[in-house]
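Shown next, in C-alpha cells, is the structure this report addresses.
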Amino acid sequence: MAGGGFTDDGNLKRAHLYEYNITSYFIFACLVAAMGGSLFGYDLGVSGGVTSMDDFLKEFFPKIYRRKQDSLTETDYCKYDNQLLTLFTSSLYFAGLISTFGASYVTRICGRKGSILVGGISFFFGGVINAASVNILMLIIGRILLGAGIGFGNQAVPLYLSEISPAKHRGAINQLFQLTTCLGILIANAINYATEQLHRWGWRLSLGSTFPATLMFLGGLILPETPNSLVEQGKLEEAKKVLIKVRGTPNIDAEFADLVEASDAARAIKHPFRNLLLKKNRPQLVIGALAIPAFQQLTGMNSILFYAPVFFQTLGFGSSAALFSSLITSGALVIAASISMGLVDKFGRRAFILEAGTEMFICMIAVAITLALKFGEGEPLPVGVGWFLVCVLFLFVLAYGRSWGPLGWLVPSEIFPLETRSAGQSMVVCTNLLFTALIAQCFLVSLCHLKYGIFLLFAGLIFIMTAFIYFLLPETKQVPIEEVYLLWKDHCFGKGMFKIMIDMGRTGHEEKQKLYGLKREKKCKTASSPVL
C-alpha cells in the first residue's frame, strides 16, 4: 500500500504476505471519503443548466438573453458566445488550480482527512454566497470559494481511496470517486430540470445547494486518517490500529513494515515538488501528472458537461428539453462508472482506455459530419437529427465514463511513490483544473468560430491520446501500490524512446511488462542506482 522509489528486494518479497478482509469499517471509510467527488460532479452539472435558464440570464446577462430570443438573426453556433458568461464557469476551476498548492501542504502535513474537511467548509460557504448573489461580483466570489473546495477535495480524495485500498481492489475502490462525481452531475441536472420551472428564484436553489458539502464535512469528522498519512506524521501506533481496523485482521506486520520503510524514504525528501523533476520521477511526472489529466479534459467531455443544456438549446431544443437531454447524458455517466468500477481490476486500465478511445473518436466524427450537413444558421434542427445527436453523445459519454473519466484520476493516484505522492497529486489536480478552466473559457467562442470543426478537433486529440496510452502507459492493475514504481524503472524516456515504442507496439502486453516493467521477482536497484 505504500509507495516508495527507494527500497531493496526485501520488501519486494513481502507483498504476498499482505492480508485483508473487506469490513464494514473499511466500506464506511471509502463511502464517506468518496463523497468528495460529488462536489466536483455537482458543479460540473449545475453550471451549464443554470446558464441556460432565462431567469438567470435576465438578471445577470441580459444581452445573452436578448440574443437567445432573437436566434433567427444570429448564427446559432454563436448564441452563447460571451466571455463574461464563460468566466462565471471557469473562475471556479482557476481558483481550484491555485488552491491545489495549499492543498498539497495541508494533505502532507495535516493528512488527507484535513484536506477533505477544508474542502467541505469552503464549498459550503461558496454555495451560500452564490445563492444570495445580487451581482456578478458575488457570483464570482462564490465560485472562487467553490473552486477552493474542489481543489482540496480533488487533492485528497483519490489519494485517500488509493492508500486505504488493498491492491486487488484498488481500481474499483478508487473509482468510487468517479461514481460519486457522476452521481453529483446526475443530481445537479435533475435539480436544474426541476428548478427551471420555479421562475425568478429557481436558479438560486440550484447554485446554493450545500447538501454535498455538508455530508462531506460531517462524514469527514468521523473519518479515519489513512495509515500511510499517519506513518508519514510519525503516529505509528495510531497507524497500526487503523491498519488493523481497515484490513480486518491483526496480521498486518508485513504491510506496516513497508509503510514505515516508505515513510522513512519520504522524510528524506525535503522538497517533494523539486524531487518530481528528478530523472527517476520523469515518467510519472510527464505521463501521470501532466499528460493524463490534460488529455482527460481534451477529450471534449467537460465541454459537454458544462454546456450540455446550452449546447442542446443551440441545436434548437427548448429549455426544458435541453435540460432533459443533459439529464439523459449524465445518466450515461453513472452507468459507465458502474461498469468500469466492476471490471477495471479484471481487464485493466489500458484495455478500457484503448477500446473507449476508438468509440469516442467515431462519435466525435459522427457529430461533426451531422452538424456539417444538417445544422444551418437560424434554421430549426430536424427532430430526428436532434435525437440522433443526443444518442451519439450518449454513446460518447458512456465511453468516456468507463475510461478517461475514472482512469484519469485512478492511474495518476497510484503511480507515485509516497515521498512525492502528495506533490504529484497536486500536479495532477493543478493540470486537470487548468485544462478544465481553459476548456470552459474557450469552448463557446471556439464553437462560434470553428462551428462543427470543434468536434473534428476533439476527434484528432482523442486519436493522439489513445496512441499515447498504447505506447507509453504500463498496466498497473492489481500491482501493490508500493511496487508500481518498478514499472517505470526502464521506461522509454531518453535517446532510445522511439525504438522502444516500436518494440512495444510489436509485442503483446505481457511481453512488454517483462521487457520494460521488471517483473516483481526481479531484484530492485538500491537508492544509489539510476532509475532510468
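One-based numbering along the chain as shown.
Just so you know, glycine gets a Cβ as well, placed from its N, Cα and C.
Here's what TrEMBL has on this protein:
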- 29-477: domain 'Major facilitator superfamily (MFS) profile' (DOMAIN)
- 22-42: transmembrane segment (TRANSMEM)
- 84-107: transmembrane segment (TRANSMEM)
- 114-134: transmembrane segment (TRANSMEM)
- 173-195: transmembrane segment (TRANSMEM)
- 285-308: transmembrane segment (TRANSMEM)
- 320-344: transmembrane segment (TRANSMEM)
- 351-373: transmembrane segment (TRANSMEM)
- 385-405: transmembrane segment (TRANSMEM)
- 426-446: transmembrane segment (TRANSMEM)
- 452-473: transmembrane segment (TRANSMEM)
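Below 8 angstroms of C-beta separation, residues 30-31, 33-46, 49-50, 53, 157-158, 161-162, 164-165, 202-203, 205-206, 209, 212, 305, 308-309, 320, 323-324, 326-327, 330-331, 333-334, 336-338, 340-341, 344, 401, 405-406, 409-410, 413-414 of the same chain, each at least six residues beyond the ends of the transmembrane segment (173-195), sit close to that stretch. Scored by C-beta pairs under 8 angstroms, the transmembrane segment (84-107) has its highest count with 426-446, from the stretches 22-42, 114-134, 320-344, 385-405, 426-446. Counting Cβ pairs under 8 Å that are 6 or more residues apart, the transmembrane segment (385-405) and the transmembrane segment (114-134) reach fewer than 3 and are not in contact. Long-range contacts of the transmembrane segment (452-473) within the same chain: residues 287, 291-292, 295, 298-300, 303, 349-350, 353-354, 357-358, 360-361, 364-365, 367-369, 371-372, 375, 404, 411, 443, 446, 491-492, 501, 504-505, each at least 6 residues beyond the stretch ends and with a Cβ under 8 Å from a Cβ of the stretch.
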